[in-house]
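Marked as ATP binding site by Swiss-Prot: GLY96, GLN97, THR98, GLY99, THR100, GLY101, LYS102, THR103. The feature coiled coil is assigned by Swiss-Prot to 346-579, with sequence analysis given as support. Per Swiss-Prot, compositional bias 'Acidic residues' is recorded for 393-411. The feature compositional bias 'Polar residues' is assigned by Swiss-Prot to 701-710. For 711-721, the entry in Swiss-Prot reads compositional bias 'Basic residues'. According to Swiss-Prot, the compositional bias 'Low complexity' annotation covers 722-735. For MET1, the entry in Swiss-Prot reads N-acetylmethionine. According to Swiss-Prot, the N-acetylserine annotation covers SER2, on the basis of similarity to another entry. Residues annotated as region 'Globular' in Swiss-Prot: 580-747.
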Amino acid sequence: MSKLKSSESVRVVVRCRPMNGKEKAASYDKVVDVDVKLGQVSVKNPKGTSHEMPKTFTFDAVYDWNAKQFELYDETFRPLVDSVLQGFNGTIFAYGQTGTGKTYTMEGVRGDPEKRGVIPNSFDHIFTHISRSQNQQYLVRASYLEIYQEEIRDLLSKDQTKRLELKERPDTGVYVKDLSSFVTKSVKEIEHVMNVGNQNRSVGATNMNEHSSRSHAIFVITIECSEVGLDGENHIRVGKLNLVDLAGSERQAKTGAQGERLKEATKINLSLSALGNVISALVDGKSTHIPYRDSKLTRLLQDSLGGNAKTVMVANVGPASYNVEETLTTLRYANRAKNIKNKPRVNEDPKDALLREFQEEIARLKAQLEKRSIGRRKRREKRREGGGSGGGGEEEEEEGEEGEEDGDDKDDYWREQQEKLEIEKRAIVEDHSLVAEEKMRLLKEKEKKMEDLRREKDAAEMLGAKIKAMESKLLVGGKNIVDHTNEQQKILEQKRQEIAEQKRREREIQQQMESRDEETLELKETYTSLQQEVDIKTKKLKKLFSKLQAVKAEIHDLQEEHIKERQELEQTQNELTRELKLKHLIIENFIPLEEKNKIMNRSFFDDEEDHWKLHPITRLENQQMMKRPVSAVGYKRPLSQHARMSMMIRPEPRYRAENIMLLELDMPSRTTRDYEGPAISPKVQAALDAALQDEDEIQVDASSFESTASRKPKARPKSGRKSGSSSSSSGNPASQFYPQSRGLVPK
């Protein structure tokens, strides 16, 4: 019995979404039937015959498209979150094809209380439980990460390019190094943390989903609870809730993924395939090795699958005939996951509990503050003893001050001390019997006392503020809630849990009754005639034959699925082989053999991070490179101070490490002359000279033009300038009286 109690099966529920607009427009058939009472999902074969039996799967609970978000949470997830508040580890993850509503199940619709998913409902549940608790201190932390293309990113970090590493310790198991976590004190704060992470998450559009998650996201809530035990000491319980939103498996032919989307889909499918292999290996009793290290996702879910955690798996499916193959694959994996056994235990008094560190730091600061107040009391007692019996009034005043301070009225104490010093300063200033030097000395002493008092007050206030800030991060219940309302809410939640538990028991009883009906019928049946017996036996035979056919069809489908997976793996292997050959070809032709051997000798495979690394060039990893000596600054080799001084004073080369021969430069005589160009261009100068020359008067006889005016003008010659000039010189006698054209530009 103890063995049965220590182990617990993974709880698997199935949720079917409604038909979307695209599926209705394409006139796809609905092939998924959901029986909520029996917890069964039946899938029809759209290509099969009418006599073919549908494939039926039974789960812990099933929800159809009419199920509300709060029903799903109250019946399935609330008991798990209660276990986390008691100190267990818990995991909720949504599994299924892309576009089936995994993100809707986990996150829901922001701003709509009725459509809030598992994550926002768990926030309300956790902080409501804390507010109703008594004599308990809580510390709630939140972290958010994603696995994008097998790289872990911190969604709450400012530097989104930083990649985180997975580490493992014997006491805590697998954890993410340098993952940031934020202490949250209310639902509003933890929702803000989730919203910041969602803005950094990788999301893209495909043909099957407009807002497709391109990464696996894990929201981690760590709840630490401190409570005084029967032994009178504080005991700390730490519960961790992992809320996992997986990216959906997808086929490139349906999603139309290309380029970066295709790379993302390949990595998503590989990690989900590794998750399926882990589930199969855990269920199969013959497997001696569980392949957790095949992907980052399976390593992070190592405790949730077969480890120290309570796990609920939500399998999301679509009802359309278009996705029947993916629906069957999801249901088969979910059916296998039912048989995984976990061994959850309460995490009591862990060494790395942050709550204990907070409590120790608060106690240290309070002790420091108390020490300061004790010092002030001792100083007052000394002053009182020094005052003697004559200072009875002052003694009574100081006793009153001490009583006020003990009554936590510290502000009045500081104010009275300051007023007292001010009165003493005024008395010194008004005392004319004192010498000026003595008066200045006394005033300086009072100023110093006032400064010390102010400094002590600031230090005490700073310590008090630090204590308040740390105490504000620790949540204590039962302060701001009306007891009557609190009790009513508790009763209401208990009734809800009882109803959910009753539904679960009814479902289990009905499943057991159906399985035993056949056995009881065989035992109780009596036949009045041989014909009746033949008819009943024939009916049973037909029923068994249909079951046999269903099992054969299931085996055939599994074989086909196995063949497809093998073909996909072979294709992946061929692509990797081709890429490897290309790398080898580049190395052989472009990288020298010595460099290749150096890198090969330094390379090693890191099992922790699951990839190849290079050993450091130096033997010791932390050893730093030798620095240049300080005496060698500005020189090629170290020099002593004496050598430097000798170099500056004497010209001899004894102490010189460089520039031993100091030679002056031998400057050669100049053999060239600077070019001096003309002030004006030669062509321009010639034109100006020609234009400025004196010319004789020209007489023109225009009588010849009168005789030639009546003649026809000759056609213009085609040859241009030369022919024109020759014809004018030969045919026109008047042209000899005209001079040739002149100008700045020669023609």
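For all residues, glycine too, the Cβ spot is worked out from N, Cα and C.
Residue density at GLY99 (ATP binding site): 25 other Cβ atoms are found within 10 A of its Cβ, drawing on all protein chains shown.
There are 26 other CB atoms within 10 A of the CB of LYS102 (ATP binding site), with all protein chains counted.
In this structure, of the binding-site residues GLY96, GLY101, the smallest number of CB atoms within 10 A of the CB marks GLY101. Under the three-state DSSP scheme, GLN97 (ATP binding site) falls in the strand class.
Counting every protein chain shown, 27 other Cβ atoms lie within 10 Å of the Cβ of THR100 (ATP binding site). Model confidence over the region 'Globular' (580-747) is summarised by a mean pLDDT of 71.
Other Cβ atoms within 10 Å of the Cβ of GLN97 (ATP binding site), summed over all protein chains shown, number 24. When other Cβ atoms within 10 Å of the Cβ of THR103 (ATP binding site) are tallied across all protein chains shown, the result is 24.
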